[in-house]
Every structure is written in C-alpha cells, then in structure tokens.
Amino acid sequence: MKIFHVPCLQDNYSYLIIDESTGDAAVVDPVDPEKVIASAEKHQAKIKFVLTTHHHWDHAGGNEKIKQLVPDIKVYGGSLDKVKGCTDAVDNGDKLTLGQDINILALHTPCHTKGHISYYVNGKEGENPAVFTGDTLFVAGCGKFFEGTAEQMYQSLCVTLAALPKPTQVYCGHEYTVKNLEFALTVEPNNGKIQQKLAWARQQRQADLPTIPSTLEEELETNPFMRVDKPEIQEKLGCKSPIDTMREVRNKKDQWRG
C-alpha cells in the first residue's frame, strides 16, 4: 500500500491510496479532481472509487466532476450526510476492498457533521494501518462542532479512534498543525512532546513540507482533545468530567486568537 498527499485549495489535503499488487487506487476527498487524476497518472494507478469523509464543499465538492472524468467510478459517503455525488452510502462497520491487498473499514465519527465517516485502511494481514479522519481529528486538534455535541466528539475521538492500534498513521483533511500545537501549549504549557512536535512542525512548514501523517500514539500524547480524560487538564480547566473538558477545550479553541 502506498499513500500520496495531493494538496488542494488553500490548506486541504486529498489523498491517493494505491494497492501495489494491482495498481488500483482510491482517492479521499478529491475536491480538485484534475490534480488527483494527475497524481494517479504519475504513479501509474487506476482510480476505482472515492472515499468522502463528509459533505462540506471543500471535501465533497469535486465528486460530480470526478464522476464525469473517470467512467464507472464509485463515490462512497456517510449515509447520514448529504454527500454530493454519492453513489454508495456507507455506515459504521461497513467494509470495502481496494485491489487485492487493502481492507477499508468505515467508522462513523460524528460531530463536525452528523454523518462524518473516517476510513481505517490496512493490508490483508493488518499491516501499515492508516486512518483518514477528514475534519473530525486533525493533528493536535479536531473539527468544529457544527452538527454535533461534545458527547459525540468525545465518542468519536476518545472511544472510536482511540481504540485503533497506536502505530496507525493519521491523515487528516487540513494543514492546521502549527496553529493547533500552539493552542495545545496553552492547555499544557509543560508538555515536552507538544513543544518538540511544534518545533518540528514549524520546520516542516518553512520547508513547504506536510506535517501529516501523525500517528495515533502521537495524538494521544499531544492532542488536547484526545487528552480530556487527564485529571491535570480537567483540574486546570475547572471541569469535572471528560465531556465537560471536551466542551471547554473546544470553547477555548474557538475563542483563541493565537
């Protein structure tokens, strides 16, 4: 399995997932279809289907166009989201196969949108796990609670995604990492892992390189939204429960002007 970034718009990422045995490919959130198709051609891959994380235009806005450009392509999207151009709806636990060797598991991760899907991808033997989290989980952050609650985001981040293997690579929908880590330091100023990752992320961006992927293990160490069960964070924010802490961290992030 190979995964390639396709930078789009101002700070979006689409992704190309290639099964090396067959050259078959899936694309995640191809908002700029021409760019994604060019990447597939460069890597001599054949696009078979689209994995849409959620209905927002900067993720699903290229679906109709890619259907025109790639005959017989399938477009997957969450059954509870009104995904533009969707041909096949998926629900939590649905399984797909790409080529000969890649398994894909749909995970319902609502809150940013009510039907948001994250896609957990690995090889036939479970090797090289990766998860495409759209705007639910960012590196050191999470999406705004546009269509859901703190309870839902807690379930999505701290139960559903946190249960994946720790080496799982995290591929999210936007390059927000530096700002997210700067905010994370306001929550945990003495967290050395956050300090180290922020220094690295700044270097990456100065070199015009992506900060993605992260890993689930790194997120559990540095992402304040995945650390809301930590007593020291709850105490600092004056909260009594992980869900209250999730709500408070989101409120602080929404008001933060770093």
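A Cβ is built for glycine as well, from the same backbone N, Cα and C atoms used for every other residue.
Residues Asp58, His59, His174 are recorded by Swiss-Prot as Fe cation binders, and the candidate that the same record lists for that site, out of Asp101, Asp135, Asp229, is Asp135.
Per Swiss-Prot, the candidate among His108, His112 that belongs to the Zn(2+) site alongside His54, His56, Asp135 is His112. The sparsest Cβ neighbourhood within 10 Å, among the listed binding-site residues (Asp58, Asp135, Glu175), is found at Asp58. With every protein chain in view, the residue among the binding-site residues His54, His56, His112 whose Cβ has the most Cβ partners within 10 Å turns out to be His54. Take the Cα of His59 (Fe cation binding site) and measure to each of the binding-site residues Asp135, Phe146, Glu175, Tyr176: the nearest one is Asp135.
Counting Cβ atoms from all protein chains shown, His59 (Fe cation binding site) has 28 others lying within 10 Å of its own Cβ. Summarising the environment of His174 (Fe cation binding site), the number of other Cβ atoms within 10 Å of its Cβ, over all protein chains shown, is 20. Report note: the Fe cation site is defined by Asp58, His59, Asp135, His174, and the residues of the same chain whose CB lies within 8 Å of the CB centroid of those residues, excluding them, are Asn12, Asp29, Val31, Thr53, His54, His56, Gly134, Gly173.
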